[in-house]
Amino acid sequence: MTSPQAVEFLDEFEVIVVGAGHAGCEAALASARMGCSTLLLTLNLDKIAWQPCNPAVGAPAKSQLTHEVDALGGEIGKMADRTYLQKRLLNHSRGPAVWALRAQTDKREYAAVMKTIVENQGNLTVREGMVTDLVLGDNDEVVGVQTYFGVAFRCQAVILTTGTFLGGRIWVGDKSMPAGRAGEFAAEGLTETLNQLGFETGRLKTGTPARVDKRSADFSVMEPQPPDQQVRWFSFDPAVWIEREQMNCYITRTTPETHQLIQDNLHLSPVYGGWVDAKGPRYCPSIEDKIVRFADKASHQIFIEPEGRDIPELYIQGFSTGLPEALQLRMLRSLPGLEHCAMLRPAYAVEYDYLPATQCYPTLMTKRIEGLFCAGQINGTTGYEEAAAQGIVAGINAARRVNQQEMLIFPRAESYIGTLIDDLCTKDLREPYRMLTGRSEYRLLLRSDNADQRLTPLGREVGLIDDRRWHLFTRKQATITAEKERLHATRLKERDPAAQAIVQTTGEKIKGSITLSDLLRRPKFHYCDLQQHGLGIETLERSERESVEIEIKYAGYIQRQQRQIEQVSRQEQRKLPENIDYASIETLSMEAREKLAKVRPLTVGQASRIGGVNPSDINALLFYLETLARLSPVS
C-alpha cells in the first residue's frame, strides 16, 4: 500500500471499479447512474463483459438473481434479452418457486452491446489499466489506486471485481502460464498488497471446455434441444422485449471410449497429477471429476451450444477439462456427432486468488479498509449472475458511502441477492459458491415473477429506476391487486352456463357457488381456463396473469413455509444424536451429507452454520429427527 504523499494523482473520481466483467459493469453503471463520477479500469477494453465460459444467462436460482438485478435497475437481464440465441423455461412442470429462465446468448454481441452501454453512460469513464496498489489515508481508508505503470487516481471508494485475473494461471495438462483466461495476462501485484494489509487470500480453480467448429459436427445423430416457442423475458422493461430468430442446441453423450481415455490418463490432469490443489466448483465439475466421482454412471449428457449467430464455434457444455490438448481431441471425437470434429480452442483449467468474503460486511465493504469493496469471483463465487448481483450491491453502497448515506444490507428473507451475500459473509466457504434454489429457505416468497414487487421500490429509492420504469411498475402492481380483488369477490353459481362448462371440462363439481379465486386454487385449473370460459380479463399481460394465479394458488404453501422458518428458529438448540448416519438420509443434498459427516455438529443450530448446508437441508434433518422420535420405543 502507498501513502497519498508518495504519489501524484493523474485524475480524481468518486468511485473506481477495478475490472470490467459482469460484476464490474453492474457496479460501475450503478455508481454512475446514482450520480458519482466513476472510473472503470480494465485490462482489455475489447473484452468488457466477456463471457469466457458458457455464453448463457439464467438457469435455476441464477435466473432469480438476474430478475432481481433488473428489478433494482441493473443491466444483465436486459443484456440477455437483447442478445439471446435461444430461451427456455426450465422446471416448468414443477412449482413456480423453481421456474428458471435460461438464455443462450451471442458471446460477441453481448460484449459489444455492453461496451457501448458503459462507454456512453454519463459520469462513467472507461480506460485500460492494471491496478497493483491501493493508496490509503491516515485512518487506513482508501483514497486512491495505483497501476502497474505507476499512474495513480484519487477516489473515495474502490470496488475490486477482478474475476479470475488475480494471480491467474491457466493449465493444460502439466503446462501452465500466467493468465486470467486464455490470451489475456494475469493481474499481478494486487494480491501482495492485500496480504500486506492483513487480508487472508486463497486459491480457487475453475475451467472451461474446448470449442469446436460447428461445420465439422454431425447434428443428425444428436438430440435437438429446441427453444421455447413462447419467448419469456428477464427484464421487467418492455423496451428490450424484441423477439429474435432462435437457434437449436443439441445433446450428445459420453461413451465407454470417452471414459476409458480419461481413466487411463487421469495422471496427466493438473488436479489428479498433483500440480494444482485449488478447489474447483462442486456444481460444475470437470469431465474427469465426473468420471471419478460418479464411476457407476455409464454415460454423461453433453450439451452442444452455439456461441453466436455468425461465428462457427460450439461450446461443449459439461466437458471442461485440464487434460493435455492432444488427448482432448481424442476425447471429443469419442462423442457421437463429433467423430470428425475440428477443435478450435483447447479446454483449460484456471486457478486464481480470492478473498474469503467473511472479511466483508454484508454491504460488501471490507472490514479492514474503509471504502474498499469486493464483488464477484474475488469473493469466492462462480457465475456471471452471482457476479452481477454482487456488483450492483457494491456499486449502490459505494455510491451511498460517497454521498454520506447509510449503506444497504439486503436481508436473506427478501431476495436471492440477500441470501447470496449472507452466505458469503457468514459461512466459511472454501470452494467456489454457486447460487442454488435450495440455499434459500424463502424460495416460495422469492420467485422470479415478484422480483419487481420486492425490489423495484428499493431501486427507485436509491435512484436506479427512472420515471418511465416506475410508472410501468406501479401500473402493473395496481392491475394485479385489482384483479385479485375481482377474483376474490366474483362468485360463480353452479347453474351458470360457465360453471357447468367448467364441471364438464374438469370433472370437479361446484356445490352451490364458488369464487373465481377458489377455482384458481384447484391444482389443474389455471387463469387461461378462466379466459376460456369468459371469466378472465383478456387485456392482462402474461406476467400479470401468472402473478395473480401464483399468489392465489400458492397462498397456503407460502404460509406453511413461513411456519417452517419459525420452527427452524425454535429448533436451533436441539441436540443431534452422536451416532447419526448422515449418508443414509437421502433427503439431504450430497454436499450436506459430506459436510455434516465431517464436522459432526452437536446441535441443529451448529449444523445450520456449516458452509454448504442449506436451510432446506436443515428442514430435511428436522423431519428425520421427528421420524426417529416417532419410531423410537417409548421409555
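For all residues, glycine too, the Cβ spot is worked out from N, Cα and C.
Look at Swiss-Prot and you will find GLY19, ALA20, GLY21, HIS22, ALA23, GLY24 tagged as FAD binding site. Here Swiss-Prot flags 280-294 as NAD(+) binding site.
All features noted in Swiss-Prot, drawn onto the structure.
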{"residue": "GLY19", "record": "FAD binding site", "Cβ neighbours (10 Å)": "30"}
{"residue": "GLY21", "record": "FAD binding site", "Cβ neighbours (10 Å)": "29"}
{"residue": "HIS22", "record": "FAD binding site", "Cβ neighbours (10 Å)": "33"}
{"residue": "ALA23", "record": "FAD binding site", "Cβ neighbours (10 Å)": "34"}
{"residue": "GLY24", "record": "FAD binding site", "Cβ neighbours (10 Å)": "30"}
{"residue": "ARG282", "record": "NAD(+) binding site", "Cβ neighbours (10 Å)": "17"}
{"residue": "CYS284", "record": "NAD(+) binding site", "Cβ neighbours (10 Å)": "19"}
{"residue": "SER286", "record": "NAD(+) binding site", "Cβ neighbours (10 Å)": "28"}
{"residue": "LYS290", "record": "NAD(+) binding site", "Cβ neighbours (10 Å)": "18"}
{"residue": "VAL292", "record": "NAD(+) binding site", "Cβ neighbours (10 Å)": "16"}
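Each residue in VAL17, CYS25, GLU26, ALA27, THR42, ALA49, THR161, GLY163, GLY376, ALA387, GLY391 lies on the same chain as GLY19, ALA20, GLY21, HIS22, ALA23, GLY24 and has a C-beta within 8 Å of the C-beta centroid of that FAD site, without being one of the site residues. A distance of 20 Å separates the Cα atom of ALA23 (FAD binding site) from that of CYS284 (NAD(+) binding site).
For GLY21 (FAD binding site), the nearest neighbour among the binding-site residues CYS284, SER286, GLU288, VAL292, PHE294, judged by Cα separation, is CYS284.
Of GLY19, ALA20, HIS22, GLY24, all annotated as binding-site residues, the residue with the shortest Cα distance to PHE294 (NAD(+) binding site) is HIS22.
A separation of roughly 26 Å, to the nearest angstrom, links the Cα atoms of ALA20 (FAD binding site) and SER286 (NAD(+) binding site). Rounded to a whole number, the C-alpha distance linking CYS284 (NAD(+) binding site) with GLY24 (FAD binding site) is 23 angstrom. Every protein chain shown contributes to the tally, and the Cβ of GLU288 (NAD(+) binding site) ends up with 23 other Cβ atoms within 10 Å. Remark: GLY280 (NAD(+) binding site) has LEU204, LYS205, THR206, GLY207, VAL271, SER286, ASP289, ALA349, GLU431, PRO432 as non-local neighbours, by Cβ distance under 8 Å and separation of at least 6 in sequence. PHE294 (NAD(+) binding site) is surrounded by 11 other CB atoms, counting those within 10 A of its CB over all protein chains shown.
Rounded to a whole number, the C-alpha distance linking ARG282 (NAD(+) binding site) with GLY19 (FAD binding site) is 25 angstrom.
Considering only the binding-site residues GLY19, HIS22, GLY24, the residue whose Cα is spatially closest to the Cα of LYS290 (NAD(+) binding site) is HIS22.
Counting every protein chain shown, 28 other Cβ atoms lie within 10 Å of the Cβ of ALA20 (FAD binding site). Comparing Cα positions, VAL292 (NAD(+) binding site) lies closest to HIS22 out of the binding-site residues GLY19, HIS22, GLY24. If you measure from the Cα atom of GLY19 (FAD binding site) to that of GLU288 (NAD(+) binding site), you get 31 Å. HIS22 (FAD binding site) sits 28 Å from GLU288 (NAD(+) binding site), counting Cα to Cα.
Here the CA atom of GLY24 (FAD binding site) lies 32 Å from the CA atom of GLU288 (NAD(+) binding site).
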